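Chemist: Pasting the relevant annotations from TrEMBL:
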TRANSMEM  6-23  transmembrane segment
DOMAIN    27-210  domain 'CAAX prenyl protease 1 N-terminal'
TRANSMEM  68-87  transmembrane segment
TRANSMEM  155-175  transmembrane segment
TRANSMEM  181-203  transmembrane segment
DOMAIN    214-418  domain 'Peptidase M48'
BINDING   284, 288, 362  Zn(2+) binding site
ACT_SITE  285  active site
ACT_SITE  366  active site, proton donor
């Protein structure tokens, strides 16, 4: 008797939903607490705390509904054989339009087109509610309904433009890969990631946001001086018009080798009236670069990708696995989808481990910025970001450990204080 792979996958999905819902309930209880953590008393205003609490609870209620609908849909699609049924119908559509359904690339593109339509339709109500109800209610949303749908249409057009050649290449590699399939797949994805990391900020990101050079002035001079002191090869310093969509704030850097760029959200500049706070946030980001966190994360991602493709090559010819999910044939894309579902337990463990590493990196980057003399400014900047983004002030330790890639503000401030005490 063949192993019931599909039933096992659905069972584990439901178990994980129950476990994560338990963590969500713990977090919801923490969000309902009427008082600030002691570390933040006198640091965060009562008004900001109440606004943060209301915002976090609204998002938490929404999250419960969204996750319930998602698990019902995903488990039903697998358990009731919707996946093989839809694969069959997509093949019939290829024949209907006068093409050859035996061509796996055409069949796969037809299947993915239907999946994209389905995902857009089912996710649209949640996206609209999140953006125009929750985000608007708490003063974050700056989008018009026209801008929302314009972004969505641009995203669909990009998928139509970029998806077919990428999918076609993957299918051909799997069909002809032979014993070195995992290496070929990894090599292709590695090259693709480098190309996308190069082209995204130049060609794709400007389709959605406007990037302008940071004007000359004290802030620019301070950032350039900091970058120069660390030998960071800063080539361009941009401000992005994040305020056209949201009042949430952020900053990031990107680029290869000697061609690095830093991007500040205009909302960050508006919210942090003190230039030192912004520079301290940049010092934290540069700490990630100086301490090689970005490189380590990239290498870890490549290793995990190679291991995943190695696992896929081991099971891709398992007819029992395909039959368990209702397939008589073994299409490349379906094999990848099934494999992703079967390794969900490992993915959860890996994700938890990566979060632990990421949190460690954040503490190290904070310490780096502190050692540069930005301790007070970094504290103020972190508090300002927490206040202006209305981030959760109270967090459940279990929920935080499982979900957060960044430590909560309470832990980051405590770590900075502890470092100060040791120095004294």
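Glycine is treated like the rest: Cβ placed from N, Cα and C.
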Chemist: Quiz question: given the binding-site residues 284, 288, which has the greatest number of C-beta atoms lying within 10 angstroms of its own C-beta?
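Modeler: Output for this query is 284.
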Chemist: Over the domain 'Peptidase M48' (214-418), what does the predicted model average in pLDDT?
Modeler: 88
Chemist: Measuring Cα to Cα, how many angstrom lie between residue 288 (Zn(2+) binding site) and residue 366 (active site, proton donor)?
Modeler: 9
Chemist: For the C-alpha pair, I'd like the distance in angstrom between residue 284 (Zn(2+) binding site) and the residue listed as 'active site, proton donor', rounded off.
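Modeler: On Cα coordinates alone, these residues lie 6 Å apart.
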Chemist: Sequence gap of 6 or more, C-beta under 8 Å: which same-chain residues meet both conditions with respect to the residue listed as 'active site'?
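Modeler: Correct list: 251, 252, 253, 262, 365.
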Chemist: If you count other Cβ atoms within 10 Å of each one's Cβ, which of the recorded positions 362, 366 has the most?
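Modeler: When each Cβ's neighbours within 10 Å are tallied, 366 leads.
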Chemist: Taking 8 Å from the centroid of the Cβ atoms of 284, 288, 362 as the cut-off, which other residues in that chain fall inside it around the Zn(2+) site?
Modeler: 285, 287, 293, 361, 364, 365, 366, 368, 369
